[in-house]
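Let me begin by presenting the structure, written as structure tokens, before commenting on it.
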Amino acid sequence: MKKILSLLFVMITLTMSGQDFKGALNSSSTNNPAKELSKMSDKELLSYWTQAKEQGYTLNQLKTLARAQGATESDISQFEKRIKGLKDFSEQDEDSRKKVENDLTSIFGIIDADKNIAPPDSLAFSLPIFGMAFFEAEASSRIDNFSSSPQLNIATPSSYQLGPGDELTINVWGASENAYTSTIDTRGYIKIDRIAPVYLSGYTIAGAKRRIGNALSKIYSGINSSKESYQKVFFDISLSGSRSIVLNIVGSVKRPGTYTLSSMVSLLNALYAAGGPTESGSFRNIQVLRNGKIFKTIDLYDYFVKGIAPVFSLRDQDVILIPAYENRVFINGEFKETGIFEFKNNETIEDLLSFTGGVSSFGYKNKLFIESVSGINKKISAINSDNFNNTTVSDGDIIRAKPIADKYINKVSIEGSVYLPGNYSVEENPNLKSLLSSAQGLKDDALLSRALIYRLREGKEKELLSVNLSEIISGKEKFEFETNDRVQVFSKSIIEKEAFVEIKGEINKRGGGDGAFEFFEGMRVSDLILLSGGVKKNGDLFSINIFRQTFDKSGKVPFKSISAKLNSNYNSSSLEENPVLAPGDLVVVRLKEGVVEAEYVEITGLVKSPGVYSLLNNRYSLYDLLNDSGGILEDGAISGVKIKRINRAKEEIEEAVGNLAKDSLGFEIEEQKEYIEFGVDIAQLFKTKGADPRFNVVLKGGDIVDVPKVDNTIEIIGEVEQPTVINYTKGVSVMEAISQAGGLTDLAKKRGVFVIYQNGNISSNKKIFVFNTMPKLEPGCKIIVPKKITNPNKTSLAEIIGLTSTLATLAVLVSSL
């Protein structure tokens, strides 16, 4: 921030060629920074101006600060003209911003203190300075909120002294009515029609009213009449416009300078406009200098702590001086307010406590602990509360209030299956029976046979005792507590596991995701079926099976089957046909005899009647489907017919294909994730009329048969220089096709080349003796060139040679021993 302000002040004084910038700004690089600045581009100048605006400064504020630095109106006018003439560069790159910062250092020798001073790891940088928060606000609002315009919505202070520039409104009513508005001139007078000038400078509002009353009585005789007289004339005066005054705020203040403010501004207003004291500034020794002498010394703690604001009027050319602080202490710990507090030499710990509001509700109030500097060392002392009012502290002391101990001296607690768990007094509940009564008794699910008591030994729960709650409640046993005992009452659910029954088969809906339902005593088969949403249309109510665990010790018959029979209303002619269920039973509702679930297949592409077809029998085949759909159209590719079958082990296939694509091919075969694809020799299928099982396929539910159109191209993808598509030419080889794609890349695995035909079949190269035979190409096929897989564990030839040389050398050395 200092860097930005310094630069802006220098820019304001661009025309002041006689000024010693080197001495003022500690520059070692140039004797004429004004000349250097004049060479700066508008973009660089805009960067400085933008930084100032980000800190909250307006152009008017900077002009005021420049006047305080002694700049002439001509200098300010030129600077303002250049700033207003800047174009709006909405974006600045980081390199430009860094260049501006570097230029700043090289031209003026200015170093940003924030970048060169690393704050030490101390309490001073973790605690707030008391009173600093009052002045923390956006800088752009400070001066704008305290302009020269009067605040007409507040009463004029009784101590306010009138002066040149103040505007008064005089209202007359009663036997005569009139209104006058007049401004005090530079000589201190106001002018009222038909009355000689009245001198008011230096008078308060009350004093001015008396003088104006005397003057008005010369033209309004009723002013001196009694209130009961019909000739009585009343009048009043008010301040309708206040004058502006110039204040100089200097010292350890965040924004020192000369401020033009309303004459009604208070000291607090003026300090607020200047940002308040800095971190090293005093809050308790603020001086107002008038005519070179100390007029007032202000302690802001009176306002922050007691709400007593300084009551006096500031005058034109007053100087507000904020010196550096003299003494500070660091107050931390269990206080209502912690921070860095300033103190005077005669103040005690009790005074400091009044600033903090005292020790917090959870702090130890009988003793405070002080860390003090003793020579080059530190020492700690404890101060009892009896000595707070006569113990003083030293600059830099750290005062701490410790928290109260997290220890109970009379606690006993209970938790678990009771109505009011929590902490209780051991004096009021000396035994377990009385504690159960205080906790409003046991819940219905409480386990009565056993409860646990945890007992402290050496500050930790090291002893565990158990009791029978039934015996305690009946009075047969008695358990006496020790301080900090903890009782745990269990629920029966920990030993009585929640029981379930399960139903599968032809039911309308499931239970907890797996057909499981909570077991209830007396539950019958019909009850479970109703809970599951009832039986489906094809479900058989006359043949229901219940499988029950037998707990056969021999293990030969672990389960038994029980039959049930219900009518359409889920009733039975006897209870035996609708048995009571037991925990863990599995109920199975089967399909009616002779009913088979419908299954469907789909045929797409170039057939006469594409669409969905039902599997008419258990051996419904591809040949049957092609006939039922009207046969393949003339433009259909017979060699490209393929069957897509739902992948029943999708996750395993996904993982396998995913790894293959990632590690070898460099791409993913998406179709393999949902379906398994395979082709059929359709020509042989039609030739044998579906009688030969080698060429015919029995279809399954969900199969999709696709008849594509004729494709006369070949696609080459994978590790080739330029993946491409070429026209099929009869007799073209794999390597000839690859050459049309630019050839193989360095990472290509030539031996791994394979071909995917239009019907989904795959063929790879084969090795016959020492020769590699590439697959035959057909229209519509794809040539896949995989990537070599690098083996990181493989030993290179150079490594083998190096290892061999090392072993040979060792052999020579051994033989020479």
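Note that the numbers count up from 1, one per residue, in the order the chain is shown.
Every residue, even glycine, has its Cβ placed from backbone N, Cα and C.
What TrEMBL says about this protein:
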| type | residues | note |
| --- | --- | --- |
| DOMAIN | 156-220 | domain 'Polysaccharide export protein N-terminal' |
| DOMAIN | 249-293 | domain 'Soluble ligand binding' |
| DOMAIN | 328-370 | domain 'Soluble ligand binding' |
| DOMAIN | 515-549 | domain 'Soluble ligand binding' |
| DOMAIN | 600-648 | domain 'Soluble ligand binding' |
| DOMAIN | 716-757 | domain 'Soluble ligand binding' |
Exercise. Take the domain 'Soluble ligand binding' (716-757) and average the pLDDT across it for me.
Key: 90
Quiz item: When you scan the chain for residues with a C-beta under 8 Å from the domain 'Soluble ligand binding' (328-370), skipping those not six or more beyond its ends, what do you find?
Solution: 123-124, 127-130, 282-284, 301, 305, 380-385, 387-393, 395-404
Self-check item: Stretch contact, the domain 'Soluble ligand binding' (249-293) with the domain 'Soluble ligand binding' (515-549), Cβ-Cβ under 8 Å, 3+ pairs
Solution: no
Self-check item: Tertiary contacts of the domain 'Soluble ligand binding' (515-549) (same chain, 6+ residues out, Cβ under 8 Å)
Solution: 498-509, 558-568, 570-572, 578-593, 595
Exercise. Tell me the residue counts in helix, strand and coil for the domain 'Soluble ligand binding' (515-549), as DSSP assigns them.
Key: 7 helix, 16 strand, 12 coil
